[in-house]
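These come from Swiss-Prot:
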type    : residues                                                                                       : note
BINDING : Arg191, Gly192, Gly193, Arg194, Thr311, Asn335, Ser523, Arg584                                 : CoA binding site
BINDING : Gly387, Glu388, Pro389, Asp411, Thr412, Trp413, Trp414, Gln415, Thr416, Asp500, Arg515, Arg526 : ATP binding site
BINDING : Val537, His539, Val542                                                                         : Mg(2+) binding site
MOD_RES : Lys609                                                                                         : N6-acetyllysine
Amino acid sequence: MSAAPLYPVRPEVAATTLTDEATYKAMYQQSVINPDGFWREQAQRIDWIKPFTKVKQTSFDDHHVDIKWFADGTLNVSSNCLDRHLEERGDQLAIIWEGDDPSEHRNITYRELHEQVCKFANALRGQDVHRGDVVTIYMPMIPEAVVAMLACARIGAIHSVVFGGFSPEALAGRIIDCKSKVVITADEGVRGGRRTPLKANVDLALTNPETSSVQKIIVCKRTGGDIAWHQHRDIWYEDLMKVASSHCAPKEMGAEEALFILYTSGSTGKPKGVLHTTGGYLVYAALTHERVFDYRPGEVYWCTADVGWVTGHSYIVYGPLANGATTLLFEGVPNYPDITRVSKIVDKHKVNILYTAPTAIRAMMAEGQAAVEGADGSSLRLLGSVGEPINPEAWNWYYKTVGKERCPIVDTWWQTETGGILISPLPGATGLKPGSATRPFFGVVPALVDNLGNLIDGAAEGNLVILDSWPGQSRSLYGDHDRFVDTYFKTFRGMYFTGDGARRDEDGYYWITGRVDDVLNVSGHRMGTAEIESAMVAHSKVAEAAVVGVPHDIKGQGIYVYVTLNAGIEASEQLRLELKNWVRKEIGPIASPDVIQWAPGLPKTRSGKIMRRILRKIATGEYDALGDISTLADPGVVQHLIDTHKAMNLASA
C-alpha cells in the first residue's frame, strides 16, 4: 500500500494544548523510567480518604501474576465523580441525555446527579445490598443507568452492567457467574424506534434455576409498556426514590477493592468476567480522558458508546465525571430517524468532542454528503475513534467531512481488560497517519514479539504485547484467576498478551492489524484482515467490507470477502473483478480475494462489532453451527447471507 501521509500537529492546536510534543516526551520518559514517581504524582488528581504510601506492586510472572496499585490507599469513586465537584460546579451540567426520539432530552446538573445517586444508594441499602455484593444492571441508555452505577460505587457494591441487547440466556449466564443479588432494569428499552422487552428478558433469565442468588428486581419506568409483575420480588425504581433519603455518606473503599465486573466474550467457553478495582482504574480513566481528548473545563463531550461496554464505563461515566466534564448520553443509534442524527446532535448540544466507532463513521460515509446535510459542526474541536482499527478511507472522510480538516482525530486502541486507552495520538503532540493508533500513552510499554516470544526491534510486524503494568489494568477474571493467567500471561511469558497483531512503522507508530485469530496465512504470508478490509473500503464504490479466511487446497487459507456497496451502486460480475484487481493493486497479488460475496448488511452486535465467527461459518457452509445470534443488531442479515452463499454455490456447481 502507498506510504501513509502524515498530518502534522496544527500550530493553533499545539499552542493551546495540554500536552505538546516536548511535554509528551518528558512525561512518557518519566512514566517508564520511574513509574512510582510518575503515578504517585498523577494519582493526586483524585481525592483520597487515606493517602497511599505504596504505588506499584506488580508481577507478570505467570507463576505469580499479581497486580496492585496504590494498595494501602482508600477512596470512594462516587465521591470523586460527584461530591468534590459540588462547590465549584454544582450547577454545571453533568449529563446531557438525548433520547432515541429527537424530541426527548434531559439535562442533569452535578447537584441533581449527586442527589439522585445518594437516594438510590440508600434504596439499594434498603434492599439489603452491601459492600462486596454484586448488582447486575441491564438497562437502556438512560440517566438512571449511570445513577445505578454510581450508587453501587457509593456503597461499595460491585456492578456488572450487561448490555441491553443481550438475550435472556446471555443475561442468565452473567448473573449466575457473579451470583448477583439484585438486578436493575427497565420496563422496556427504546433504540432506533424499536422497543426491547428488558423486564421480560430478565423474567426469562430468572427462570433458570441457577439464578437463585437474585432476591430483587428493581424496574425503572422507561415506556410505561405492559410487563409481568412478581409481587414479592419486583419493585419500581420510582417508588424507592420517592421515600429514599438524599443523604448518603460514601463508603471508604480500599484502592484494590472491586469496582465492577464487565463480561467480554472468550474465544472459547463462557464469557470472561473482567474485574476492575477502584483506585488505579479511576486514576487511569481520568488521566486518559483528560489528556487523550485534551479536555478543557466547560466543554461538552460525547462518546456514542453504550454503558454496557467498557468504553461507556471509562469514557461516558467514570473518566468524564471524575474530571468534572459534561458528558452526553445518547439512547439511540446514529442513523435514526435518519443518517443526519449525529450531526444534528452535535449542533443541538454544541458538542466539542465526538468519540465514536468506525462502523458508525462508515455508515455515514456510505451516504456521503447527506450525512452532514444542513449541519454547522463549528462547535467540534476534536474527533475520536474506538472499537476497531479505522480504515484510512473512513479516517479521511471523518477528518474532511465531519471535522472540516481542522479537528485532530484520536484513533484509540485499548480493550475491556486494559481499563483505558493504551495507544493513541495526543492532539497537541502527535502527527497523524490515517489508520494508525500511533504511540503509547504514559506508562504503557508496548512491544512486538514473534510466535516464539522473541522481541522484534525496529519497523516490523508481530504479536502485540505490553511489557509492564499500568494502573487501569484488569486485576483478574471474576472467580477464575487461573483463566486470567492462562489467557493473558502464558502465551508469552512475563508479558501481557493483547491477542492483537500489530505493525510498527519506521516512525515507531503502531498499526493494529486485527485479532491474531483474524490473521490470515495465505501461502505462508501473514496478512491482517484489517489491512485487506482497508484496501477494499478505499474503493469509491464500497461502503464496508469484512474479510475471513477459508480453507484452500493450495494456499492453506483463501481470502473470502463480504462487501457492502455504497447506496445506488449495482452489484455485477464486472464490479467483482474490478474489486479483486483493486486489492491486487493496493496490497499485492497475494492479497487478491478468492471470493467476493455481496452483502446488503453485515452481522454486527449492537455495539457495532462485526461477528466474524458467523461470517466464517457461512463462508464454509456451516449454517447449522452459527451459535447464538440473538445479540445481533439485525439477526435477519444472517439468513440473507446464507441464502446468497447457497445461490453462489449453486451457480458455480
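Cβ coordinates are placed from backbone N, Cα and C, and glycine is handled just like the others.
Arg194 (CoA binding site): 11 other CB atoms within 10 A of its CB, across all protein chains. Of all Cβ atoms in the protein chains displayed, 17 besides its own lie within 10 Å of the Cβ of Gly192 (CoA binding site). A 10 Å cutoff on Cβ-Cβ distances gives Val537 (Mg(2+) binding site) a total of 24 other Cβ atoms nearby, all chains included.
The binding-site residues under consideration are Thr311, Asn335, Thr412, Thr416, Ser523. Their Cβ neighbour counts within 10 Å are lowest for Ser523. The binding-site residues shown are Gly192, Pro389, Thr416; of these, the one with its CA atom nearest the CA of Val542 (Mg(2+) binding site) is Pro389. Cα separation, Arg191 (CoA binding site) to Thr416 (ATP binding site), rounded: 24 Å. The CA atom of Val537 (Mg(2+) binding site) is located 29 Å away from the CA atom of Gly193 (CoA binding site). If you take the CA of Gly387 (ATP binding site) and look 10 A around it, you hit none of the binding-site residues from Gly192, Arg194, Ser523, His539, Arg584. Sequence-distant neighbours of Pro389 (ATP binding site) (same chain, 6+ residues apart, CB-CB distance under 8 A): Pro358, Trp413, Gly435, Ala437, Trp511, Ile512, Thr513, Gly514, Ala530, Ser534.
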